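Undergrad: Below are the C-alpha cells for one structure; questions will follow.
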Amino acid sequence: MATFKQFSEVFANLFPIWTILAAVVGVLRPESFAFMTSNGYTGCLALLMFSMGITLTIDDFKRVFAKPGLIGLGFIMCYVIMPALAFFIGNALGLSGPLLAGLILVGSINGGQASNLCAYIARGDVALSVLMTTATTVGCIFMTPLICKLALGAVVDVDAVGMAISTIQVVLVPVVVGLTLNKYVPKFCRSVEPFSPIVGVTMTIILVGGAVANCAAGILGAGMTLQIAAFALHLIGGLAGYWGARAFKYGETTCRTVAIETAMKSSAFGFLLASLHFPEYLVRVPSAVSVVWMAVLGSTMAVVWRFIPVKEG
C-alpha cells in the first residue's frame with residue numbers, strides 16, 4: 001500500500017501533463033473521444049465528485065456553513081469579477097464582436113466540477129469548493145441569462161429544470177453517498193482514499209479530452225490573440241480570487257480554494273450555450289479555447305500549491 005500511495009502521489013503531481021496530453025489528443029485526434037456521450041460526461045463527473053465525497057465529513061460542511069460570507073464571495077467572483085474581466089480583457093486586446101461576446105459568455109458561466117479535484121490536490125478546502133461549485137451552478141440558471149442580456153443584449157435561455165437535475169446527479173448525490181459511507185464505514189473509506197486522486201485525475205483527463213474533441217475545429221481555428229485573452233482571463237481570475245480572499249483576512253487554505261474556484265469555469269457548458277443561442281459560429285470559439293486553458297491553469301495551480309506548505313493567517 002505504501003508503494004501504491006507513492007504512485008498515487010506521483011500520478012496526481014503530473015496532473016498538468018496529463019491534462020495537456022488529453023487536450024492535444026482531443027484537438028488532433030478528436031475521434032479518440034468518440035465514446036464520450038452525454039451519459040459518459042454525467043458518469044465521469046459523478047465518479048469525480050464521489051472520489052471527493054469519501055474524503056469529506058459532515059463536520060467539514062458544518063464548518064463552511066458557519067461562514068456563509070465565503071459562499072457569497074465565491075458567487076461575486078464568479079458572476080461579477082469574471083464577466084467584468086472578460087469584458088475588459090477582450091476590449092483591451094481588440095477582439096471582434098463575436099469573439100468578445102464569446103469571452104464574456106465564458107466569464108458569465110458557472111464554476112466547473114474539476115475545481116473540486118484541484119482544491120483537493122492543492123490542499124485546499126474541498127467542502128468549501130463543493131459548496132461554491134453547487135452555488136454557482138444553481139446561480140447559473142438566472143445569472144448567466146441576466147449577464148448576457150445586460151452585457152450582450154442577447155437573451156440566453158438556460159434550461160432551469162435540466163440544470164437542477166444535472167446538479168443533483170453530478171454534484172449532490174455522489175457527494176452525499178461519499179459522506180454517508182465516510183460516516184458509517186470510515187475504515188473502508190480510509191482504505192480506498194489513496195485511490196481518490198487517481199480516479200479524480202483520470203475522470204478529469206477524460207472529461208477534458210472529450211470536451212476539447214467536441215470543440216477541436218474551433219480551437220484549431222482560433223488566433224493567438226484569443227489564446228492570450230482566454231489564458232489571461234483564467235490567470236487573472238485566479239489571482240483576483242486569491243487576493244480577494246486575502247483582503248478579507250481569510251487563511252491560506254481558503255484563499256487557494258477561492259482562487260481555483262474563480263479561475264475554473266464550466267467552459268464546455270459555455271460552448272453548448274453559444275452553440276444553441278448565438279447564430280454566429282465565432283461566439284463558440286472562446287469557450288472552446290477556454291476548455292484547454294482553464295484545465296491547464298487549474299491543474300498547474302493545484303500541483304504547485306501541493307508543494308507549498310500551508311501557513312494560515
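Glycine is no exception: its Cβ is also placed from the backbone N, Cα and C atoms.
TrEMBL annotations: computationally assigned, not manually curated.
Values in this document were obtained by computation on a predicted structure and should not be read as measured data.
As listed in TrEMBL for this protein:
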TRANSMEM  7-28  transmembrane segment
TRANSMEM  40-58  transmembrane segment
TRANSMEM  70-93  transmembrane segment
TRANSMEM  99-121  transmembrane segment
TRANSMEM  128-152  transmembrane segment
TRANSMEM  164-185  transmembrane segment
TRANSMEM  197-220  transmembrane segment
TRANSMEM  226-245  transmembrane segment
TRANSMEM  257-278  transmembrane segment
TRANSMEM  290-308  transmembrane segment
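What's the neighbourhood like for these features in this structure?
TA: Residues 64, 99-100, 103-104, 106-108, 110-111, 128, 131-132, 135-136, 139, 143, 147, 151, 225, 228-229, 232-233, 236-237, 240-241, 244-245, 248, 250, 254, 258, 261-262, 265 of the same chain lie 6 or more positions beyond the ends of the transmembrane segment (70-93) yet place their CB under 8 Å from a CB of it.
Same-chain residues lying 6 or more positions outside the transmembrane segment (197-220) and placing a CB less than 8 Å from one of its CB atoms are 8-9, 11-12, 15, 18-19, 21-23, 25-34, 36, 40-41, 44-45, 47-48, 51-52, 114, 117, 120-121, 267-268, 271, 281, 284-285, 287-289, 291-292, 295, 299.
Beyond the transmembrane segment (226-245), the same-chain residues lying 6 or more positions past its ends with a Cβ under 8 Å from any Cβ of the stretch are 73-74, 77, 81-82, 85-86, 89-90, 93, 95, 99, 103, 106-107, 254-256, 258-265, 285-286, 289-290, 292-294, 297-298, 301.
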Undergrad: When each of 7-28, 99-121, 128-152, 290-308 is checked against the transmembrane segment (40-58) for Cβ pairs under 8 Å, which one has the most?
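TA: Checked against 7-28, 99-121, 128-152, 290-308; highest Cβ contact count belongs to 99-121.
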Undergrad: What stretch, picked from 128-152, 257-278, 290-308, has the most CB pairs under 8 A with the transmembrane segment (7-28)?
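TA: That would be 290-308.
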